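Engineer: Annotation comment: Swiss-Prot describes Gly11, Pro12, Asp13, Gly14, Ala15, Gly16, Lys17, Thr18 as ATP binding site.
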Amino acid sequence: MITGKLITVEGPDGAGKTTVLEQLIPPLKQKVAQEILTTREPGGVAISEYIRELILDINHTTMDPKTELLLYIAARRQHLVEKVLPALEAGQLVFIDRFIDSSVAYQGAGRGLIKADIQWLNEFATDGLEPDLTLYFDVPSEIGLARINANQQREVNRLDLETIEIHQRVRKGYLALAKEHPKRIVTIDATKPLKEVVSVALEHVLALLLA
């Protein structure tokens with residue numbers, strides 16, 4: 001039985017969501033008694049991390065969109081069973097850096113795959129598990145890509161090679177999801193200073209936990 005809460009973190013490339021999540025956890029731990037787990041997709045467990053390497057390998061530029069989607073789904077299932085569900089059943093507060101919405105935005109809006117097919121596959125893989133809250137960090141594609149290019153410490157992966165048009169479609173996909181699920185998805189302006197973005201995210205998380 002699930003007694004914990006699931007919060008997912010989403011955003012287009014360059015939104016800074018991973019950095020925000022890292023800075024969100026310390027102040028959150030000072031305010032809540034629950035044990036907190038942070039993890040990521042694809043990855044989080046050994047099998048899923050191996051799949052992540054396959055997906056992001058810069059040499060795999062011929063990867064078919066459906067192959068890409070199925071690899072993400074496989075990684076998601078293993079991660080869920082091995083790590084996420086046990087934590088939720090133990091009453092933990094679980095943060096996942098990317099989840100189902102990423103598939104809809106990237107493989108759906110970005111790659112042009114049918115949304116209904118993506119949703120069915122995710123329903124199958126997750127047994128219908130849905131986040132209690134999704135923090136969507138929004139940033140225009142031009143700004144996101146500029147941030148990526150300016151970060152010399154970041155290792156380039158296959159997805160960084162995509163055209164700006166695909167990144168723009170991904171963002172539109174995210175914005176459509178936020179409009180479709182206004183109660184679950186909170187849109188946060190990620191162009192603001194980092195400290196402000198973290199503060200807004202913390203407010204929304206606490207609102208969920210104290211409701």
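Residue positions begin at 1 at the first shown residue.
Placed from the backbone N, Cα and C atoms, the Cβ positions cover glycine too.
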Engineer: Does DSSP give Gly14 (ATP binding site) helix, strand or coil?
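Structural biologist: In the DSSP reduction, Gly14 (ATP binding site) maps to coil.
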Engineer: What same-chain residues, at least 6 away in sequence, bring their CB to under 8 Å of the CB of Pro12 (ATP binding site)?
Structural biologist: Ala105, Asp138, Val139, Ser141, Gly144, His167, Val170, Arg171, Tyr174
Engineer: Please identify which of Gly11, Gly14, Gly16 has the densest Cβ environment, defined as other Cβ atoms within 10 Å, among these binding-site residues.
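Structural biologist: The most densely surrounded of these binding-site residues is Gly11.
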Engineer: When you measure from the Cβ of Ala15 (ATP binding site), which residues in the chain that are at least 6 apart have a Cβ under 8 Å away?
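Structural biologist: The answer is Phe137, Asp138, Val139, Gly144, Ala190.
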